[in-house]
Amino acid sequence: MRILLSNDDGYFAPGLAALAEALAPLAEVTVVAPERDRSGASNSLTLDRPLMLRQAPSGFYYVNGTPTDCVHLAVTGMLDHLPDMVISGINHGANMGDDTIYSGTVAAATEGYLLGIPSIAVSLANHNALYFDTAARVVSDLVRRLQNNPPTEPTLLNVNVPDRAWDAVRGISVTRLGKRHKAESVVKTSNPRGQTVYWVGAAGAAQDAGEGTDFHAVANGYVSITPLQMDLTRFSQMESVTAWLKP
């Protein structure tokens, strides 16, 4: 099996190294990740300048672009084979509910999915994450399962792991995405030169976090696995919008 790894925290991130080490006994692993932290880059592609691919002493490749750039470049321009799987992570912090829209971690996996490759995004639900070994073990188990029972169609899984020791994880739960309250307002401040600058506000707290959601599973010590899709069509409004457009 051949696996392409990426992330949005950068090629130097501990979560990426932990995942690469855990998967090495299971597959031929190639790492292509951003040269710096690109958290929140979502599915953006770099179109205004060329991309450069370099190799670090660790053997990991890094790109002066976004997580989506990394996977797109690797699959369509670097590798001489199509990976059997694309895995993105381990992210430092959760990607649940609305986070998935903004997440570079999820975006890297999404690009693999759009290129027809089974893909997994994995996040450790704590920005000061400690138990990367737990998340790596979860992903290794998923890879073995997918090896033994390959999906019949391209699959995109969003995995969130509680930041705790393996023995303290209560199990795995297949979930739907929850929802957050709206984000906090931007923070207005000044830089050392007295110029007004703004920082994007914090993400909103969980709003829809009931049983069956990713928020609920992780809060209760379970690994959350949410199958994702790309069709954003709101089918329930098609008739009402059609009626609204009639003269």
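The backbone N, Cα and C atoms fix where each Cβ goes, and this holds for glycine too.
Sequence annotations record features per position, and here Swiss-Prot assigns divalent metal cation binding site to Asp8, Asp9, Ser39, Asn91 based on sequence analysis.
Here the features listed in Swiss-Prot are placed on the structure.
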| residue | record | Cβ within 10 Å |
| --- | --- | --- |
| Asp8 | divalent metal cation binding site | 31 |
| Asp9 | divalent metal cation binding site | 23 |
| Ser39 | divalent metal cation binding site | 20 |
| Asn91 | divalent metal cation binding site | 31 |
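Those residues of the chain, other than Asp8, Asp9, Ser39, Asn91, with a C-beta within 8 angstroms of the mean position of the divalent metal cation site C-beta atoms are Asn7, Gly10, Ala13, Asp37, Arg38, Pro67, His92, Gly93, Ser103, Gly104, Thr105. Taken residue by residue with DSSP, Asp8 (divalent metal cation binding site) is part of neither helix nor strand, so it is coil.
Taken residue by residue with DSSP, Asn91 (divalent metal cation binding site) is part of a strand.
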